[in-house]
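Enquirer: Pasting a structure below so you can have a look.
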Amino acid sequence: MSEAKRRAAEKAIEYVENDMIIGVGTGSTVAYFIDALGHTPKRIKGAVSSSEQSTAHLKQHGIEVLELNHTGTLPLYVDGADECDPYKRLIKGGGASLTREKIIAEASKQFICIIDPNKQVATLGKFPLPIEVIPMARSLVARQIMARTDGQPVWREGVITDNGNVILDVHHLCITDPVKLEQELNQIPGVVCVGLFARRCADLVIIGSEPPHIL
């Protein structure tokens, strides 16, 4: 799948313009995009990064990393996904960077999602849904999730997000109404962010098939 990820990432470079400040996500597919950014003749002004991992990678290529508070609205955000349905709604957060990813997506005019073909699904939920949670609320949130859904929350032990929080991965969901579930789970006290990108879904999905396919 590495070649599929590379194809999707390199196709996304076509949407990058000189002097842009762009949002950059996190993950294995995004790593290919950052490498492509470092080698393209196009010269961006800088990037807003969704994780410490991506920040380090961008700096390795000499790309300036900027604070979102200082940039305002971004023209473009490029990120991967763990699942994508036919309506460009996503599950994200396998890399535990979902909160910053959702913030940057909201701050961007165009959100391009780059995936390999295996990430396409008819219905979201086979991949466990990540939820970022305030540490003291972990058990409370888990009980609330079980009361409100058919899912089984599992604490991702040993993982602390860049924001100092923990992750619950909710297994065995069949998400027929992603927007509604995203709203409902966001109401639970202690939830920082739900890894459903349904209300703010991707504007464009690049699938790294041969040749790349645009959804």
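Every residue gets a Cβ built from N, Cα and C, even glycine.
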Enquirer: Which of LYS59, LYS119, LYS126 does Swiss-Prot put in the same substrate site as THR26, GLY27, SER28, THR29, ASP79, GLY80, ALA81, ASP82, LYS92, GLY93, GLY94, GLY95?
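Expert: My reading of Swiss-Prot gives LYS119 as the candidate in that site.
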Enquirer: Should SER28 (substrate binding site) be counted as helix, strand, or coil on the basis of DSSP?
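Expert: Once the DSSP labels are grouped into three classes, SER28 (substrate binding site) ends up as helix.
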Enquirer: Between the Cα atoms of GLY94 (substrate binding site) and GLU101 (active site, proton acceptor), find the distance and write it as a whole number of Å.
Expert: 12
Enquirer: For THR26 (substrate binding site), what is the tally of other C-beta atoms lying within 10 angstroms of its C-beta?
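Expert: That number is 28.
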Enquirer: Return one of helix, strand or coil for LYS119 (substrate binding site), based on DSSP.
Expert: helix
